[in-house]
Structure formats: C-alpha cells, structure tokens
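See structure below.
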Amino acid sequence: MSILKVHAREIFDSRGNPTVEVDLFTSKGLFRAAVPSGASTGIYEALELRDNDKTRYMGKGVSKAVEHINKTIAPALVSKKLNVTEQEKIDKLMIEMDGTENKSKFGANAILGVSLAVCKAGAVEKGVPLYRHIADLAGNSEVILPVPAFNVINGGSHAGNKLAMQEFMILPVGAANFREAMRIGAEVYHNLKNVIKEKYGKDATNVGDEGGFAPNILENKEGLELLKTAIGKAGYTDKVVIGMDVAASEFFRSGKYDLDFKSPDDPSRYISPDQLADLYKSFIKDYPVVSIEDPFDQDDWGAWQKFTASAGIQVVGDDLTVANPKRIAKAVNEKSCNCLLLKVNQIGSVTESLQACKLAQANGWGVMVSHRSGETEDTFIADLVVGLCTGQIKTGAPCRSERLAKYNQLLRIEEELGSKAKFAGRNFRNPLAK
C-alpha cells in the first residue's frame, strides 16, 4: 500500500524541548512516530537539525526539520507510490535526497521520523505486529524479550549532582520472564529510594532525566554501594547484576580524565586512562558489575582496546561507535569493545539501525538497544529490541511515563506471544546462542 499523505509537526520531548513527530497515512489508517533526542551526544552522530533561532525555544526549535518533511520529503514519497513495506527503498530514497554524509541537509530527526512511521505502517500493511515486521526486515526467524537495564542512579550530564559517571543500572538477569524482571526492577527501585532517603534525606530522592535518583554524592563507588544495599534489601542478590554507563567523553580533559568535572577546573586531580581502568577493575572485583558503557573518551582507542582485552566483562561502545558502520568496523578490527549500543537517532533511519545491529552481531558482539535522555511516549524501540533479538534494552528507571511507555509495551508483547515468549535472562549478551 502506498503512502497517501505525510505530515510532520513540532511536539515536546520529556525535557520540554521541541522534537519531530510524523503522521503518515495509508489506506489502512494513520501511523505516528516521534523522534527522541540525547543530552550527551557523540561527536560522530548523525546531525539532529535544530533551528538555532535564539528567540525561539532557546534555539532548539525543529521547524526547519519539520518543513523539510512537509515540503520536500512528503511530496517525493507520495509521488513515488512506494509500498510502505519497502523500508530499505524508502530510507535509501530519503538518504539520497539528503545527499550528505551525516544527514545534515534534512536532519537525522526528519529522516528518522518518517522512517519510523513507515516501519509502523509496513507492519499493519503486512498484518503482523511491529516486532514481527522488524524481525522479518532483519532476517530473524525468532523474537526474544530483553533483559531491562534500569538506570536507577543518575550522574554525569544527566544530573545536577557531583557524580561523574552517568548511569548506574540494575539488570534482573535471574528473572524467569520479562514480567518478573519488571517486578524485580520496581522493587529494587523502591528499596533504593528508601536507602537514599535514610542516608541523604528526602530531597536526595528527586529524579533525573531518566527517572533515576540523583543523590549528591561524589564517589562513584558510593553509587555501586547504594545499589548493592538496595538489591540485598529487596532480596534479589542472586538475581540482579549491575551495569554502568560512564560517558567518559564528558569528563575527558587533554588525554586524562576528571572525576570531579562539575567542580571548578583543577588539572592536578586528573587521572590517566590506566588509573581509570584500574578503578573499573576494582568495581568489577567488589560489585556484580557485568557491563560498562563508554569507559573512555570516543577517540581514546588505545585505552578501549587494552581494557576490553583484560576486563572480562561486556564493554559497550556508544559515543565510540554511534551506530556508524565505519566506526563499528574500526572498533571490530581494533577489538575496542564487544557490544554495540543501538540508538536509532544516532544513525537516523530504521534500515541503517538494522544494518548496524547485524554488523555487530555478525562479529560476535552483543547489542543493547537504547532510549535517549530526551524521550517521548513513542514505543518503537520496545518492538525493535524484540525483533532484533538483542536480549538487552536500556530505557530508564521504572519511573516517568516516557520510560514506562517502552517497558509496558514489552509487557504487552510478552503477553501476546504467550507460551512462545522467550526471555533472554542470563544469556542477555548472546541470546541466540544455542
């Protein structure tokens, strides 16, 4: 079925910033998609087009991206009469029309909005659930429910506290199914709230952009200690492991790292990549840390390679790879990490997201699907993670509706699959392994 009409508009994300929403019409109805936006963005990401008109929304308006859809992309898609099931053809057409390496003409936010809406329409056109359509596009015969990685303590660029490292996550790998993983996550979260309240006072339980708590602590180890205590109090020590997103590019300073980067600058406290690696190794030794994302700066390739070779855990590339095939290929060759973080808006289309995922999986890497800190109520990534069988997703704490929207959609998918539902569990790094 071909596209009858495409209409884009400015809506608001969970931080009150404008973002792009796209309505796509076929004879089967209306399909709507909204685009997320990140706070700590890698310098190699596809370009998110903002208006930069300081008199409006602090320069963060997206009226230009919206206009590119309504005036240029929409007429082209309608006139070409392409079937909405032809995801790759449609994405390719938009990328060719844009003609730039990083989608800077139309904006990745424009192309992605249309791409997501096309994918939703394609599923209905085929008469299958979205996750099944995505699995078909990726060439997967089965679908898998992921382990959720709940970001329950926020630091870094996501929070106003002194904590340098951005995310402290709990992964309920010992759960029997996704519903139980949600219950464990929620119970640990509520226990954590009480632990923080008792230790630091009620105002320390205010939440950050992704629904996690942001107590004003400086020591990253203290974040891990709080998690360990909460997991124990909830009674899940044997079922929950810990993941971190350090987002080290945010505190990289001339070849070294500043673990107190939110205070006035003082080069005497900077530490070397080796010292930082030793700190991570002490975390791995003392706590059930099984995954660390962006442990070093996006261009500190040597430090990545050294750490991945010796750490023995999942090392996730986000700012390092930005889901870009060239960066992934380099990271594969240099053995810089062993897991890809997949954010659809880093690369800017469904087709390229699928390709990045397949490239990583083909090289024996894990893949973690991810939200952005500026989110909407759109639930596309819930279906994406199931269809791509990556086995792991991070989409915030079990708090704030834009985060729960994704987790609740995963609950619905598990229910719909019934006895056919498979949960990644402890095999979250390679859920398709026989």
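Glycine too: its Cβ is placed from the backbone N, Cα and C atoms.
Copied over from Swiss-Prot, here are the features:
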ACT_SITE  Glu210  active site, proton donor
ACT_SITE  Lys343  active site, proton acceptor
BINDING   Ser40  Mg(2+) 1 binding site
BINDING   His158, Glu167, Glu293, Asp318, Ser370, His371, Arg372, Ser373, Lys394  substrate binding site
BINDING   Asp245, Glu293, Asp318  Mg(2+) 2 binding site
CROSSLNK  Lys202  SUMO2 cross-link
MOD_RES   Lys5  N6-acetyllysine
MOD_RES   Ser27  phosphoserine
MOD_RES   Lys89  N6-acetyllysine
MOD_RES   Lys126  N6-acetyllysine
MOD_RES   Lys202  N6-acetyllysine
MOD_RES   Lys228  N6-(2-hydroxyisobutyryl)lysine
MOD_RES   Lys228  N6-acetyllysine
MOD_RES   Lys233  N6-acetyllysine
MOD_RES   Lys256  N6-acetyllysine
MOD_RES   Ser272  phosphoserine
MOD_RES   Lys281  N6-acetyllysine
MOD_RES   Lys420  N6-malonyllysine
REGION    405-434  region 'Required for interaction with PLG'
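Known features from Swiss-Prot, placed on the structure.
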residue: Lys126; record: N6-acetyllysine; Cβ within 10 Å: 14
residue: His158; record: substrate binding site; Cβ within 10 Å: 22
residue: Lys202; record: SUMO2 cross-link; Cβ within 10 Å: 10
residue: Glu210; record: active site, proton donor; Cβ within 10 Å: 30
residue: Lys228; record: N6-(2-hydroxyisobutyryl)lysine; Cβ within 10 Å: 17
residue: Lys256; record: N6-acetyllysine; Cβ within 10 Å: 17
residue: Asp318; record: Mg(2+) 2 binding site; Cβ within 10 Å: 27
residue: Ser370; record: substrate binding site; Cβ within 10 Å: 27
residue: Lys394; record: substrate binding site; Cβ within 10 Å: 29
residue: Lys420; record: N6-malonyllysine; Cβ within 10 Å: 9
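Taking the recorded positions Lys5, Lys89, Lys233, Lys281, Arg372 in turn and counting surrounding C-beta atoms within 10 angstroms, the largest count is reached at Arg372. Ranking the modified residues Ser27, Ser272 by C-beta neighbours within 10 Å puts Ser272 at the top.
Listed by sequence, the residues of this chain that lie at least six past the ends of the region 'Required for interaction with PLG' (405-434) yet keep a Cβ under 8 A from its Cβ atoms are 129, 131, 142-148, 171, 173-179, 181-182, 314, 339, 361, 366, 371, 377-379, 381-383, 385-386, 389-393, 395-396, 398.
In terms of Cα spacing, the recorded positions Lys202, Lys228, Ser272, Glu293, Arg372 that come within 10 Å of the residue listed as 'active site, proton acceptor' are Arg372. When the recorded positions His158, Glu210, Asp245, Asp318, Ser370, Lys394 are screened for a C-alpha within 10 angstroms of the C-alpha of Lys281 (N6-acetyllysine), no residue qualifies.
Nearest neighbour of Lys5 (N6-acetyllysine) by Cα distance, taken over the recorded positions His158, Glu210, Glu293, Asp318, Arg372: Arg372. The Cβ centroid of His158, Glu167, Glu293, Asp318, Ser370, His371, Arg372, Ser373, Lys394 marks the substrate site; residues of that chain outside this set whose Cβ lies within 8 Å of it are Gly38, Asn151, Gln166, Glu210, Asp245, Leu341, Lys343, given in sequence order. Those residues noted as binding substrate (His158, Glu167, Glu293, Asp318, Ser370, His371, Arg372, Ser373, Lys394) have their most widely separated CA atoms at a distance of 16 Å. Straight-line distance linking the Cα atoms of Lys228 (N6-(2-hydroxyisobutyryl)lysine) and Asp245 (Mg(2+) 2 binding site), rounded to a whole number, equals 17 Å. Mean model confidence of the region 'Required for interaction with PLG' (405-434) amounts to 96 (pLDDT, 0 to 100 scale). Sequence-distant neighbours of Glu293 (substrate binding site): residues of the same chain at least 6 apart with a C-beta under 8 Å from its C-beta are Glu167, Gly243, Met244, Asp245, Val246, Ala247, Val315, Val316, Gly317, Asp318, Leu341, Met368.
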